[in-house]
């Protein structure tokens, strides 16, 4: 029992270290993008908290895999302390950890973040008393609470039974997975709500992460245009616009007023001139900065990172394609959510992770790296595209200039994407997520000189769907991902969409030229007040 406590303590100690790193990262990440001029304490704290909770929930995945793997020895036998009661206790600890974090996520998505968002919307429109702003924010937030309540009610009573097919052992195995997860209505309701949010996270991942996986590495490889060259072009544009304004105004030298068409043209040209002069100030700042010289010095390193990221992106895409193809060919079909027990078509990541787990904690490091890679590529996609509602761009995400409302949107999108990350990792490495590095004993007859003898030996074999139920422990993560077969079917088709969007984004990113050295920092719809936050940290 002492050994069990030691193993459990080791896993949770590493989780604690990951928690500390996540809190530091979330604080730096939010502070990096928030507007210094419009910074608000409550929105900053909310954004940091929401992002940290999402990352912490993703950090539970490797802890779950670590604990089920360390219950068994490499020879396929259970460790002395890992009896049935202890194993169930450890599994339940991880499961309760998931439900605690997921309950907090529901609180953030359906109550806290909407309330803070609407509060600041009201604060901008009405400078009246705080009580009135809080009441209005609560009124709008009530709609989100209603949606949450509906999801919980549906989840509590939605049927979990998968359609019955006779004479199929695969169907029987899939059904056992659903039965093992339990039938508590409260936990089922929570699972349904989280799965619904994960579907939204899947859509966000298809939109932003898939594009960011191609845009981020190619931008690193191509680099940015020269600040001096851009400034020269900008100066020429300023002179051209000034001359056009003078030509139009020269029409009224004899006292005649300008026509309405000419007045509109002058107004548009003057707005264009203001934008160009703002660009001039930004380019002058960046051209004189030491940061530009530093970026030029590390240019070879950025190219190396870009090549590495594009290789990783292609590796992920190939692994995801092979995993989805395996489901299409060997799963029980649509009615089971394309659930597959074991792997028939292996992929690079599914082969690599069990090997790394033998040298603890390399697999933990790789999983953390994968999660962070998804976060960075998602952020790259959001920053390049902005936050859109259909064809309307709501907010732009810019370093040091992001409004409080946009920051809340950003963290909610990242929170939903990270929720979907667990299924993405399962899609990339299904065998690893299901069993980790567990092995079980298989009986084998020993032969001597080609003659079978009555000597029975046992050899260790990697856990798969053919293993006896009492010999291999399925992770709580895997069971949680497949609690509702219809969500699994949605995730399956979402993976194909993810691959398609990545390939389209790769083509678009290849066709685009170099980015401006001040890309996204100066737009025509910006106010001149935004220049109060001039920054040299563009590259």
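Cβ from N, Cα, C; glycine included.
In Swiss-Prot, the transmembrane segment annotation falls on 303-323 of the listed ranges 303-323, 324-344, 429-449. Per Swiss-Prot, the stretch carrying the note transmembrane segment among 406-426, 511-531 is 406-426. Membrane topology per Swiss-Prot: residue 134 and residue 508 share a side, carrying the same topological domain name. Range annotated as transmembrane segment by Swiss-Prot, chosen from 278-298, 362-382: 362-382.
Beyond the transmembrane segment (98-118), the same-chain residues lying 6 or more positions past its ends with a Cβ under 8 Å from any Cβ of the stretch are 42-43, 46, 49-50, 53-54, 56-57, 60, 136-138, 140-141, 144-145, 147-148, 187, 190, 193-194, 197, 405, 408-409, 411-412, 415-416, 419, 476-477, 480.
Against the transmembrane segment (48-68), the recorded stretches 186-206, 303-323, 362-382, 406-426, 484-504 differ in Cβ pairs under 8 Å, and the greatest number is found for 406-426. Contacts between the transmembrane segment (484-504) and the transmembrane segment (362-382): absent, as fewer than 3 C-beta pairs lie under 8 angstroms at sequence separation of six or more.
Residues 108, 112-113, 116, 119-120, 397-405, 407-408, 410-411, 529, 532-533 of the same chain lie 6 or more positions beyond the ends of the topological domain 'Cytoplasmic' (29-47) yet place their CB under 8 Å from a CB of it. Taken together, the residues of the topological domain 'Extracellular' (163-185) have an average pLDDT of 49. Cα to Cα, residue 75 (N-linked glycosylation site) and residue 344 (N-linked glycosylation site) are separated by 23 Å. The 10 Å shell around the Cβ of residue 344 (N-linked glycosylation site) contains 11 further Cβ atoms across the protein chains shown.
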